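Okay, so here's the structure we're looking at.
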Amino acid sequence: GLLLGKMGERGAPLVNVCQCLNEAVMKIVSMAVWYFPFGIVFLIAGKILDMEDPSVTGKKLGLYAITVVSGLAFHGLILLPLLFTLITKKNPFAFIRGILQALLIALATSSSSATLPITLKCLLENNGIDRRVARFVLPVGATINMDGTALYEAVAAIFIAQVNEYDLDLGQIITISITATAASIGAAGIPQSGLVTMVIVLTSVGLPTEDITLIVAVDWALDRFRTMTNVLGDALAAGIIAHVCEKDF
């Protein structure tokens, strides 16, 4: 882009080609996004028609959603604050209150990457985190620290196994946990990216990947809660590292 800009009129034809390609790709993406909900409806409808008793599966899906939310709440409100307290000897909920705006943005956007500027602002202005720590930890965390996504993928894989009446032994559960953790690292910080990496988790223990359509109906809501957990984990990690490195600054 810089070279084409320096070339002036000679680079103008290639610049025009790139602009046309960009516009064409954006139109294709817009069309795909527009028709995506219809495809999801038919995927879910096809799965429902294959069920012998949809009401039973609906109840299981409700319990699955409750399990995921409960797990995220336990992880975000108990485990992470406890770890923060043990290391920093500070009140974790006062720290969390300072990033409340970022958590609400995460709930609204379902994207840790989109929430990143707000999280950075909250840490710098409300919690007094060193700028160097925040600027280093948050971008890395938004990419690889997906603890909420890892928990969600592990629970979803076990749920799909139960729906298919597939008994998992201890070794397979451990495999799911490890694979979900590894897959979450590769998940993008965009809405519903966990559904893509879910294929890796299911394949690791031989579960049918087509059953991912079962959880699509509730994933739009669960995605928001796991994004909040991801952002919370990033912020608390920045707080811990800032405390540990306080003497160096």
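If you go along the chain as it appears here, the first residue is 1 and each next one adds 1.
Cβ from N, Cα, C; glycine included.
Nobody curates TrEMBL annotations by hand; they come from automatic prediction.
According to TrEMBL, the feature transmembrane segment maps to 32-49 (among others).
Residues or ranges marked as transmembrane segment in TrEMBL: 61-87 (among others). Listed as Cβ neighbours of the transmembrane segment (61-87) (distance under 8 Å, sequence separation of 6 or more from its ends, same chain) are residues 93, 95-96, 147-148, 151-152, 155-156, 159, 214-215, 217-218, 221-222, 225-226, 228-229, 232-233, 236, 239-240, 243-244.
Within its own chain, the transmembrane segment (99-124) is flanked in space by residues 131, 134-135, 138-139, 141-142, 146, 188-192, 220, 223-225, 227-228, 230-232, 234-235, 238-239, which lie at least six positions past its ends and keep a Cβ under 8 Å from the stretch. For 99-124 (among others), the entry in TrEMBL reads transmembrane segment.
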